[in-house]
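Annotated features in TrEMBL:
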type	residues	note
DOMAIN	69-202	domain 'P5B-type ATPase N-terminal'
DOMAIN	220-278	domain 'Cation-transporting P-type ATPase N-terminal'
DOMAIN	324-376	domain 'P-type ATPase A'
TRANSMEM	85-106	transmembrane segment
TRANSMEM	263-279	transmembrane segment
TRANSMEM	285-305	transmembrane segment
TRANSMEM	402-421	transmembrane segment
TRANSMEM	441-461	transmembrane segment
TRANSMEM	923-941	transmembrane segment
TRANSMEM	961-982	transmembrane segment
TRANSMEM	994-1021	transmembrane segment
TRANSMEM	1067-1085	transmembrane segment
TRANSMEM	1097-1115	transmembrane segment
TRANSMEM	1135-1155	transmembrane segment
Amino acid sequence: MQLRSNVAWLVHSSDCFFFFPPSLQVTQPLYEICPHTGSSDRSSISHVEKFHIILNMEKEEKKFVNKAEEEEMEIYGYELCRWKLVLVTVGVICSGGFLLLLLYWMPQWRVKATCKRTTLKDCEVVLLRTTDEFKIWFCAKVRVMPSLGASPLQNPDPIVHKVSNGHAVHFCESAAEENKNYLKKYLPIRYFTHHSVKYFWNDSAQSFDVVRGLDDSTFCSSIHNEHSRGLTKEMHDYRKMFFGINEIAVKVPSIFKLLIKEVLNPFYIFQLFSVILWITDEYHYYALAIVIMSVISIVSSLYTVRKQYVMLHDMVAAHSIVRVSVCRRNQEIEEILSTNLVPGDIMLIPSNGTIMPCDAVLLSGTCIVNESMLTGFNTAKGQLVRSILYPKPTDFKLYRDAYWFLLSLVVVAGIGFIYTIVNSILNEVPAHTIIIESLDIITITVPPALPAAMTAGIVYAQRRLKKIGIFCISPQRINICGQLNLVCFDKTGTLTEDGLDLWGIQRVENARFLLPEERACSESLLKSEFIACMATCHSLTKIEGVLSGDPLDLKMFEAIGWILEEATEEETALHNRIMPTVVRPSKQLFPESKQATNQEMELFELSTTYEIGIVRQFPFSSVLQRMCVIARILGEKRMDAYMKGAPEVIASLCKQETVPVDFESVLEEYTKQGFRVIALAHRKLESKLTWHKVQTINRDAIESNMDFMGLIIMQNKLKQETPAVLEDLHKANIRTVMVTGDNMLTAISVARDCGMILPQDKVIIAEALPPKDGQAARINWHYADTLARCTSSSPAINSEDIPVKLVHESLEDLQMTKYHFAMNGKSFAVILEHFQDLVPKLVLHGTVFARMAPDQKTQLVEALQNVDYYVGMCGDGANDCGALKRAHGGISLSELEASVASPFTSRTPSISCVPKLIREGRAALITSFCVFKFMALYSIIQYISVTLLYSILSNLGDHQFLFIDLAIILVVVFTMSLNPAWKELVARRPPSGLISGPLLCSVLSQIIICLVFQTVGFLWVKQQPWFERWTPESDACNILDATNISSAHGGNETLDDEHNIKNYENTTLFFISSFQYLIVAIVFSKGKPFRQPCYKNFLFVTSVVVLYVFLFFIMLHPSELIDTSFELVCVPYEWRLRILIIVIVNAIVSVLMEVRNSNGKYLLLSVSPRL
């Protein structure tokens, strides 16, 4: 935030994570801190009292922190229990540390297993649970801070001990006698920290609460009367104990800490368990390969996470620390770092401006604020950074279904586990073998590589987005963007160009409008009152020699070609700070002096001295919708008042005889065309008003009886790409909504121009009025084209005729309606409060939401999500931060503060990024489905193979597992995810979850097909005339066809197959299952309409072809080296051809079944687009 002017500011809220309530009360008795041990002398509580405490604790009402806020949590108090700690310690030792891991993953179990319930007032540990749909548990340790007082905003009476450097007092533990002289009584302040926010004990509420600064329930009069004198050094240090450092502290964790956190992930623990099991079972090569993959995955994850921490740290720290001048209570000026600011400090802003490191209240002077650099509303920057550091789980049906699907795989694994145990016992298998094989079936059914495979498509999509200039800080949101069916757009800077251009002016003379004029800097208008108003009625200033201020003011001033000169600091000090800002026309605006007559030269020289001094400024007020200045032309005795603002407001303050009769119709014509209209007015002040009287006069005395001078028409042009992008979204059945802070009619006009509202569609404005004078809240309905002619008492539409009563449930019906609702922020607030039942209906048909405050934009996004929309939000300003964060897919067109809140940031400030993101999201979502289905089939196929082989006390070999899992599965998974997005958006969306009829049918049908053909091969091989129980002496090839011996197995006679890997069933199932992996990979590799066809995926096609060629080669032309390595046995060539027939039929059936399922799925999606 850029500020200019020598003014005093009162810091009232640190722009950081730490906020504290001024109402903090601690009524506990004072405890005397022992200088030797730091302990306190507390009287013991009787057992009877403890019993009553426990009973009352069970009956007490549920406590909350952050009540009615986004981060609302239930809170429970616990204290450590020694006998429970002993039991847990024994359990950890007996379980080999597994219990410790379980308690690490489940904080609620950890607290309940080691502590017992107690009241919050006496607790040592708090257990927190979010009240949202996720119900996430957290725990935190309660700490004690000795303090001289209970509340940071109240003076300790008296301050008997200075606190050094703003840190808590540290008590010496030595036994030196001199320390006894410093025995003082301190209040023990209890607090805990959660997600970088400190919660202090509030005795009046009997709960913990955040301590807030002066921004909470502090009146303006109190700011000026009680908090405007500055702080003493002692009070500053005392407050700093509570509020801490004024910065957003994004600490970059060490590599070791990140490593421990990553390794303790349940996924890697399961992998460790699997590796140990495989090594025990002598699957050394496969175990080594998994270890290498895990190490690579961990290193990659650590690099990515640490890089994101560093990026966020650098982004936040870029403007966090500056040097500021602070005025102390004794009028001394102290220069400190902005990190040492606390609520109540008085800052002096230098005349050349500064970056504001906190939120503040202006006490005296004037300033210019660059609003685009504001940190948002209610110190939102800290909240936004915390939302990135501690994100909520992604609430997406795909991820919820994935857990259920994994659970079903665990059930299948359990069945295999029991079957293996029973079968092995019946066959008298040794106990250690039973344990290993029964656990091995679990690692087969739940593949350890599943999480890495699922993220592959997202990683590839993130890279493709980066190539087109879209950066992502929340990769999991990419999948969700594939489901977006509504996008909210900001107007200025998003749909339209960032700035305003002067379209023209329309002056008024004799209460009649003149013809519009394109140029305002003509010679004939140079000394007109109209141009004088444009030259003086603004809040522009110079910062380091550059004219700065409101963009609209800047455009107006530049359009007239005048020059602004400000008084220097020396002049201001010399003339008691009332030296005016002067504006004058540049010399280029005057007629050329060259070849001029003497008379013309005198006139030229006289005219170049034409200057206007701005004596006093009444700044623009959004409530009043106008601003006013008092100025005096050089040489004139009387002063002039100039006013500009909203046309309706300005006209109401002017003499009615000076306002044209066609004022309303002219104004409506401009606003309907999307122009922004500013009205100007002028008044000649009385001669008795002196310079000094002007400085104290009330603005109401000036802003009346003005002469209406005319209109300034500003144009906010649509961006060139806007109509085409919105048309593409509409063709894809993606609804578009405008949410802006601009004027209603202007917003509606822009919505029509860009195609958001079609020309033939009707727009109904909902004007909601709050309760007043005993009347209930009500809604008036107006057609947009008759708004100017309607009054609040006579609505243009009968409420019974409003089509909101005919709400349709599907988007197809919605597209057919000819009505759009529009409303402003005030009406939206009234409807949210008094007409809750109408909210879903209005947002289903609402297209334009104007004059919306930042928090209202967020509320609108939430309302749309509540009616089952997947909402995208595209904006470019800090006032869009909340909505960008709340939306399913927030896209920032700015790389400033808005990018911190938004999951996506576009380098190009154009909404063309929206369809690109949705296309990539759809491609990533379909890829996730494909990969998940493929990994599920991979597990089941291998599960079927192993289960069938377990029935004959056999298994797949180490190299067979290695070939399947590395050469086939990993290669296929990471190449099938490379399909880029389809080139255009289609009118249907991909499914949002795995648990849907078509998807389940697809997976189950492929499972049945694979089961049938593996079982056929397993049973059919036993029916062959050459089949026998394989031994090292067996040679089925020579029995049938001595001329077709394709491989020598001379070494088989001397090798002992301890694990019974070599047999005819194993060889048959290995070939069939290996082909099945490739078949389902091709079957599940969906292309159009969401991804490019798989044949355009060069790496995938190449990988599949190479694997097919290799499998055909080793099956039809076996090699001794390969057979020995894979532990395959020789089978007759005729049987190899029969296996080939099984594989071909399997492929045909699988493809036909998937085509049938796909047709059914797309039919279902086309019938119900909002599935």
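Backbone N, Cα and C atoms are what each Cβ position is placed from, and that goes for glycine too.
Mean pLDDT for the domain 'P-type ATPase A' (324-376) in the predicted structure: 76. In this chain, the transmembrane segment (285-305) lies close to the transmembrane segment (961-982): three or more C-beta pairs between them fall below 8 angstroms, excluding pairs fewer than 6 positions apart. Of the candidate ranges 263-279, 441-461, 923-941, 961-982, 994-1021, 263-279 has the most C-beta pairs within less than 8 angstroms of the transmembrane segment (85-106).
Long-range neighbours of the transmembrane segment (263-279) within the same chain, counting only residues 6 or more positions beyond its ends whose Cβ lies under 8 Å from a Cβ of the stretch, are 101, 104-105, 286-287, 290-291, 294, 298, 436, 439-440, 443, 446, 448, 451. The list of residues near the transmembrane segment (441-461) in space but at least 6 beyond its ends in sequence, with Cβ under 8 angstroms from a Cβ of it, reads 267, 270-271, 273-274, 277-278, 290, 293, 297, 402, 406, 409-410, 412-413, 416-417, 420, 475-476, 478-479, 920-921, 923-924, 927-928, 930-932, 935, 938-940, 942-943, 946-947, 950, 965, 969-970, 973-974, 977-978, 981. Taking Cβ pairs closer than 8 Å, the transmembrane segment (1067-1085) reaches residues 930, 933-934, 937-938, 941-942, 944-945, 948-949, 956, 960, 963-964, 968-969, 972, 976, 979, 1002, 1006, 1010, 1013-1014, 1017-1018, 1021, 1094, 1097, 1100, 1104, 1107-1108, 1111, 1115, 1126, 1128-1129, 1131, 1135, 1139, 1142-1143, 1146-1147, 1150-1151, 1154 in its own chain, all 6 or more past its ends. Sequence-distant contacts of the transmembrane segment (1097-1115) (same chain, at least 6 residues past either end, Cβ-Cβ under 8 Å): 967-968, 971-972, 975-976, 978-979, 1071, 1074-1075, 1078, 1081-1082, 1085, 1122-1123, 1126, 1128, 1136, 1139-1140. Secondary structure counts, DSSP: the domain 'P-type ATPase A' (324-376) has 6 helix, 24 strand, 23 coil.
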